[in-house]
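Undergrad: The feature N-acetylvaline is assigned by Swiss-Prot to V2, with similarity to another entry given as support. The domain 'Globin' annotation in Swiss-Prot covers 3-147. Summarising the annotation, Swiss-Prot assigns phosphothreonine to T13 and lists similarity to another entry as the type of evidence. Annotation comment: Swiss-Prot describes S45 as phosphoserine, evidence class similarity to another entry. Positions annotated as N6-acetyllysine by Swiss-Prot: K60, K83, K145. Sequence annotations record features per position, and here Swiss-Prot assigns heme b binding site to H64, H93. Taken from Swiss-Prot, the feature S-nitrosocysteine covers C94.
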Amino acid sequence: MVHLTGEEKSAVTTLWGKVNVDEVGGEALGRLLVVYPWTQRFFESFGDLSSPDAVMNNPKVKAHGKKVLGAFSDGLTHLDNLKGTFAQLSELHCDKLHVDPENFRLLGNVLVCVLAHHFGKEFTPTVQAAYQKVVAGVANALAHKYH
């Protein structure tokens, strides 16, 4: 559960309504794989990840980034039940994929940076603080199965 004020909820939903999920999803996942290269081990089937350019232009990275942000979008409509919303994904990432739950926090922080880059002055400190709460809540929900 994420506790947001009315102003914070409004800031999150207003900005999210302007997000191009295809573009931002691919960029966020790509940046995660470039900045934290050890995360690439979970994506060996994606083909060429040999350079930042290869990662950022990889169609499988872009497609999976879109899928990730689709799930994030779903979470935004269930802020009061993030653990329930992400229960199946938590189980998948824990039991089958064996993803280090710290990676969820890293991806959330990368997403905040990508949103700041895309929205510039519109990504105010208030908006950033609200998104930091949301990505922390999502990361916690995704890590829930690990506890």
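Heads up, the Cβ atoms here are built off N, Cα and C, so glycines get one too.
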Undergrad: In sequence order, what residues of the same chain, 6+ apart, have a Cβ less than 8 Å from the Cβ of K60 (N6-acetyllysine)?
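TA: Same-chain residues close to K60 (N6-acetyllysine) (Cβ under 8 Å, separated by 6 or more) are F43, S45, F46, G47.
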Undergrad: How far is it from the residue listed as 'phosphothreonine' to V2 (N-acetylvaline), counting Cα to Cα, in Å?
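TA: Cα to Cα, the residue listed as 'phosphothreonine' and V2 (N-acetylvaline) are separated by 14 Å.
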Undergrad: For C94 (S-nitrosocysteine) and H64 (heme b binding site), what Cα-Cα distance in Å is obtained after rounding to a whole number?
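TA: Just about 18 Å between their Cα atoms.
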Undergrad: Tell me which of the modified residues V2, C94 sits in the most Cβ-dense spot, judged by other Cβ atoms within 10 Å.
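TA: Neighbour-count leader: V2.
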Undergrad: When the Cα-Cα distance from V2 (N-acetylvaline) is computed for each of the recorded positions H64, K83, K145, which gives the smallest value?
TA: K83
Undergrad: Counting each residue once, how many in the domain 'Globin' (3-147) are helix, strand and coil under DSSP?
TA: 118 helix, 0 strand, 27 coil
